[in-house]
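Each remark here refers to the structure printed beneath this line.
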């Protein structure tokens with residue numbers, strides 16, 4: 001593994017009054033898809049929010065070696081992070097195209113994507129470019145949310161529960177889209193509850209329990225490690 | 001009939017003036033969750049600044065500079081006041097703007113005194129534009145009307161056509177996500193707060209000489225303003241617009257009409273009732289007496305029937 005794009009050390013995070021993360025260590029390397037798995041309530045989404053600086057956090061979060069603990073969310077994003085929040089969070093009242101345009105922030109570099117490129121990657125968004133985002137289906141909203149984050153040309157995407165509530169066929173499509181994005185050199189931190197697409201596309205897997213990482217290894221290692229799966233994943 | 005038409009036109013103008021304040025207030029509320037109790041104080045500052053500037057230079061200087069100054073002041077208040085207080089929750093924010101309203105009122109009294117200041121309509125606009133049935137309609141009123149319409153169209157274009165407008169609309173639903181997508185949301189909040197109170201300031205500039213510029217004007221305007229945003233539905237621009245116009249026209253109409261219940265009974269051919277007993281006052285109340293109460297009556301009834309307000313999306 002080359003020098004990590006994202007490196008968490010001893011990360012603590014707080015959601016309101018509750019202390020959710022208790023010292024997480026995690027790395028994401030260049031162009032790598034890393035899956036973060038765990039049951040509901042173990043702090044997966046909080047970890048994403050901590051990386052994006054929208055919850056209170058302590059410890060160390062380095063992006064390309066640069067400490068981001070003291071930075072505001074927009075500063076963190078401008079270091080090259082794309083955020084795909086839980087429950088998609090597309091902007092209602094705005095069209096698909098307007099949602100995409102808001103993915104490109106003021107400091108977007110030469111790496112930033114053009115509308116055309118995004119539409120080529122996911123053509124059904126082009127057909128619906130003038131549609132209000134809130135009337136799209138769940139799957140389309142998810143694609144929009146992913147493509148919106150892509151617009152700034154991130155080096156790393158934080159993707160929080162992209163398959164939640166989607167039909168199996170759409171889950172497959174989301175997996176394909178993420179794999180395609182990774183093929184173009186974008187690293188992905190994929191946070192999931194279910195194993196389906198994570199086991200298929202991830203290069204490395206972390207399992208979380210009680211606000212800490214309890215397993216790190218390849219998808220194959222997780223497949224064979226029945227004890228970990230029983231203790232931390234299976235319901 | 002002429003009185004009626006005149007009252008409607010004047011009410012419409014008053015409603016537009018109300019909307020210049022209500023639009024900023026409701027925008028700030030829906031974006032930042034702050035009910036800005038000091039909003040009408042910025043309206044008052046607009047009027048006083050314009051008075052001061054017009055006494056040094058002329059009215060037009062005040063028209064341009066006063067809203068800018070008010071906006072700048074508002075942005076500063078947001079950046080170094082509200083943003084700090086925000087960490088302690090909405091109650092703290094509410095108390096902050098409440099205190100700010102009193103602070104501004106007292107400062108105005110200190111600087112400009114307790115009596116009204118002679119802020120006058122510019123001479124170039126001080127002539128009758130047309131008259132209906134012997135009542136003159138001044139050019140200044142038409143000018144106020146034009147400014148209000150221009151402001152409304154400008155605001156609409158800003159929200160719907162510009163990138164900042166897109167950001168505002170996005171921040172209405174998911175401010176954290178917008179922030180994490182790399183947009184400077186705190187700065188956006190500062191701009192919206194500054195812009196919102198600048199609109200109130202502009203209303204003060206064109207309304208201060210039409211009404212009276214005195215230290216009580218903020219309080220007077222403030223109460224009616226809250227009736228409007230709650231009535232229209234907190235967070236709804238269109239609701240605020242409808243409520244502004246409705247209350248503006250209703251109030252003006254009621255002031256315009258004379259007559260009491262006694263007159264009504266007499267005009268129906270009956271004998272004038274004996275005004276005695278505990279309810280004798282009822283027979284001599286004029287609509288103008290009721291005008292100040294009416295908005296609150298509407299508010300109370302509406303909150304019982306429809307707690308969201310006319311077009312609001314959340315319970316107030």
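Each residue, glycine too, has its Cβ placed from N, Cα and C.
Taken from TrEMBL, the feature transmembrane segment applies to B:6-27 (among others).
When Cβ-Cβ distances below 8 Å are used as the criterion, the transmembrane segment (B:59-82) is approached by residues 32, 34, 38, 42, 45-46, 49-53, 93, 96-97, 100, 122, 189-191, 193-202, 204-206 of the same chain, each at least six residues removed from its ends. Taken from TrEMBL, the feature transmembrane segment covers B:59-82 (among others).
According to TrEMBL, the transmembrane segment annotation covers B:139-159 (among others).
Feature annotation from TrEMBL assigns transmembrane segment to B:188-212 (among others).
The annotation transmembrane segment is assigned in TrEMBL to B:224-250 (among others).
The transmembrane segment annotation in TrEMBL covers B:282-305 (among others).
Contact between the transmembrane segment (B:224-250) and the transmembrane segment (B:282-305) is present: at least three CB pairs lie under 8 Å, with pairs separated by 6 or more positions in sequence. Taking every recorded stretch in B:6-27, B:188-212, B:282-305 and counting its Cβ pairs under 8 Å to the transmembrane segment (B:139-159), the highest total belongs to B:6-27. Remote same-chain residues near the transmembrane segment (B:188-212) are listed as 17, 20-21, 23-25, 27-28, 31-32, 36, 39-40, 42-51, 62-63, 66-75, 77-79, 82-83, 116, 119-121, 140-141, 143-144, 147-148, 151, 155, 164, 167-168, 171 (criterion: CB distance under 8 Å, separation of at least six residues from the stretch ends).
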